[in-house]
Amino acid sequence: MAAKDVKFGSEARAKMLRGVNILADAVKVTLGPKGRNVVLDKSFGAPSITKDGVSVAREIELEDKFENMGAQMVKEVASKANDVAGDGTTTATLLAQSIVNEGLKAVAAGMNPMDLKRGIDQAVIKAVKELKKLSVPCSDSKAITQVGTISANADETVGSLISEAMDKVGNDGVITVEEGTGLEDELDVVKGMQFDRGYLSPYFINKPETGNIELENPYILMVDKKISNIRDILSLLESVAKSGKPLLIIAEDLEGEALATLVVNSMRGIVKIAAVKAPGFGDRRKAMLQDISILTFLYNSDVISEELAMDLDKTTLEDLGQAKGVVITKDHTIIVGSGKKEIFKQILIRQQLIESTSDYDKEKLNERLAKLSGGVAVLKVGAATEVEMKEKKARVEDALHATRAAVEEGVVAGGGVALVRVAEKISRLKGQNEDQNVGIRVAVRSMEAPLRQIVANSGEEPSVVTNNVKDGVGNYGYNAATDQYGDMIKFGILDPTKVTRSALQYAASVAGLMITTECMVTDSPKEDKSSDMPSPSAGGMGGMGGMGGMM
């Protein structure tokens with residue numbers, strides 16, 4: 001077992017605090033409308049430029065192991081805030097730094113660290129309740145646009161696109177962010193269900209100008225096994241041909257004689273037909289096929305399955321689903337349709353979401369729910385260079401997370417004003433003893449830190465602006481972008497309640513633990529023994545010289 005390096009008391013806390021401050025100082029320069037960028041060196045490729053707090057925090061590793069422990073604990077605050085709310089990482093880091101700095105001063109003055117932590121926790125619990133009272137619902141497009149704009153660093157185009165996307169696919173709809181090919185940001189909305197499976201044969205293409213397959217009001221056959229024998233579906237094909245409607249086959253695979261026969265029939269115009277592989281694998285494939293069946297009016301039966309003792313060769317038109325339309329490219333299939341059973345299915349999936357503990361399962365359930373709810377929207381980010389593209393994409397993703405959080409729990413006045421108002425309301429809170437009262441005051445003072453940093457980053461005097469804001473009431477605050485005082489809601493400066501709440505809770509949680517630290521243990525640095533070894537060049541040269549003499 002490797003030897004350990006152990007530090008105690010004020011020496012340990014001083015090292016830890018230095019690490020906290022190095023990381024937080026790097027992150028907090030990005031806060032507010034006049035916050036600056038941070039350039040991150042990469043081991044390969046061009047450096048990346050970001051204004052995202054968690055991206056900066058993740059890059060920081062310090063050489064001193066004790067300092068690094070402090071930095072990593074604050075990094076955990078940013079990561080947790082990012083995972084839960086998707087934004088507010090800089091605010092969370094700044095709050096943690098402020099609580100740790102104020103708290104360690106109190107510890108150095110002789111306060112009981114455990115009572116300090118209890119006081120901080122008590123203040124945060126009360127502050128969260130007050131935040132919820134200040135919160136107002138965020139349901140209209142204007143508020144969603146404002147939240148997106150603020151989170152995207154005052155980019156109104158991004159805010160408008162996010163609002164439009166949520167309007168088209170619903171609050172539960174899937175909205176993804178991708179790198180575009182042009183200079184302008186674009187929104188592409190896909191109604192219905194899309195999955196990553198393209199056509200099995202290019203000979204099915206009926207729109208050569210686009211290279212796609214388009215079917216109007218098609219029948220849909222869903223099978224959870226391979227189809228290789230054409231006899232299994234021959235009678236069904238005859239019935240479909242008589243109906244005059246197209247047919248889409250979704251199966252585990254379609255091969256050999258069956259695929260060849262379908263291609264020939266399609267090319268001769270006997271029946272309009274297309275085939276794709278079923279999406280997903282295992283249990284997820286079954287779930288997705290069931291979702292498609294709901295989307296396509298499939299009432300009389302479920303997916304054709306051997307588990308249900310259903311024979312493919314006995315399938316009739318009544319066993320098929322129907323859709324309004326289908327578009328198939330070489331990579332994707334889009335099915336547009338809606339069934340009356342959708343609402344019931346959505347309720348079932350929502351229940352599974354509540355019960356699920358796996359992040360992966362929750363992500364996939366959310367995708368399924370979105371496809372039944374309205375569709376998929378793709379935000380394509382435009383930029384002139386790859387470096388700008390990466391920076392902008394990160395901002396758009398932050399803005400998207402912020403708007404989702406706003407819809408979920410509402411919004412409060414932005415620019416650090418909500419925390420200042422909450423601090424005023426809990427300033428008279430009392431603990432069980434004086435040390436707890438000091439902890440409460442530490443938390444209250446720290447809640448001013450985001451406003452102070454926004455002002456500092458805009459080049460103004462933090463104390464003057466903070467006092468002016470504290471003299472006001474309600475949503476009265478400071479607009480750092482225009483250097484004006486007024487109603488933050490009317491200025492369109494909003495913060496999602498969930499983001500502010502998460503930042504405060506996670507900052508206090510980790511900072512409280514750091515304040516109560518008395519000992520730090522890490523591996524001792526390994527000594528470099530290479531300097532003690534004899535230089536190989538001396539002996540080698542001597543040998544060479546000797547050999548030269550012999551020759």
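Just so it is clear, glycine is given a Cβ too, placed from its N, Cα and C backbone atoms.
Keep in mind the model is a prediction, meaning the values are calculated, not measured.
Feature list (source: Swiss-Prot):
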BINDING   30-33, LYS51, 87-91, GLY415, 479-481, ASP495  ATP binding site
COMPBIAS  539-551  compositional bias 'Gly residues'
REGION    523-551  region 'Disordered'
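Feature annotations (Swiss-Prot) mapped to structure.
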residue	record	Cβ contacts under 8 Å, 6 or more apart
THR30	ATP binding site	ARG36, ASN37, VAL38, THR50, LYS51, ASP52, GLY53, VAL56, THR90
GLY32	ATP binding site	GLY415, GLN453, ILE454, ASN457, SER458, ALA480
GLY88	ATP binding site	ALA81, ALA402, ASP495, PRO496, VAL499, THR500, SER502, ALA503
Under DSSP, is ASP495 (ATP binding site) helix, strand or coil?
-> strand
How many other Cβ atoms are found within 10 Å of the Cβ atom of ASP495 (ATP binding site), counting all protein chains shown?
-> 31
How many other Cβ atoms are found within 10 Å of the Cβ atom of LYS51 (ATP binding site), counting all protein chains shown?
-> 20
